[in-house]
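Written below as structure tokens is the structure these notes are about.
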Amino acid sequence: MTDISTIAIIDDDAGVRSAIEDLLRSSGYQTEAFSEAAEFLRSPDITHCDCIVSDFQMPETNGLDLLWTLRFRRIGIPVIIVSALMSTTVQVEVAKAGAFYFVEKPFAPEIFLEAVRSAVANSPEWRRAASSR
């Protein structure tokens, strides 16, 4: 039996969140959706997720804050940042904070799903690296 990977989706836009959730579920993933990063971070056991897909620009805790919080807590889950703000500055900031991948909105489903597949495949290595920091 194959384990089904769980993807956490964090986006303040309910329509975007739902569309990403539908795409991932139709591709065989389990999903957990959150309207804000703080809600996700308050979850009792966030470490069971194999990948996090997060919007970059959200009220209160944004995608960059999420990345730094996960890094500080030594939680090694690959994070894919999705954003309509595709500036070089944003890309550099999220890369420094430890993002696994950056996907520009709107995105082609196949490009997004390839990023998710790659993140899930690398999830065990990210967990080991985070625990040794």
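A Cβ is built for glycine as well, from the same backbone N, Cα and C atoms used for every other residue.
Quantities reported herein were computed from a predicted structural model and do not represent experimental measurements.
TrEMBL has this to say about the protein:
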type: DOMAIN; residues: 6-120; note: domain 'Response regulatory'
type: MOD_RES; residues: Asp55; note: 4-aspartylphosphate
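Sequence-distant contacts of Asp55 (4-aspartylphosphate), defined by Cβ-Cβ distance under 8 angstroms and a gap of at least six in the same chain, are Ile10, Asp11, Asp12, Asp13, Val16, Asn62, Gly63, Ile81, Val82, Ser83. Secondary structure of the domain 'Response regulatory' (6-120), assigned with DSSP and counted as helix (H, G, I), strand (E, B) and coil, comes to 53 helix, 24 strand, 38 coil.
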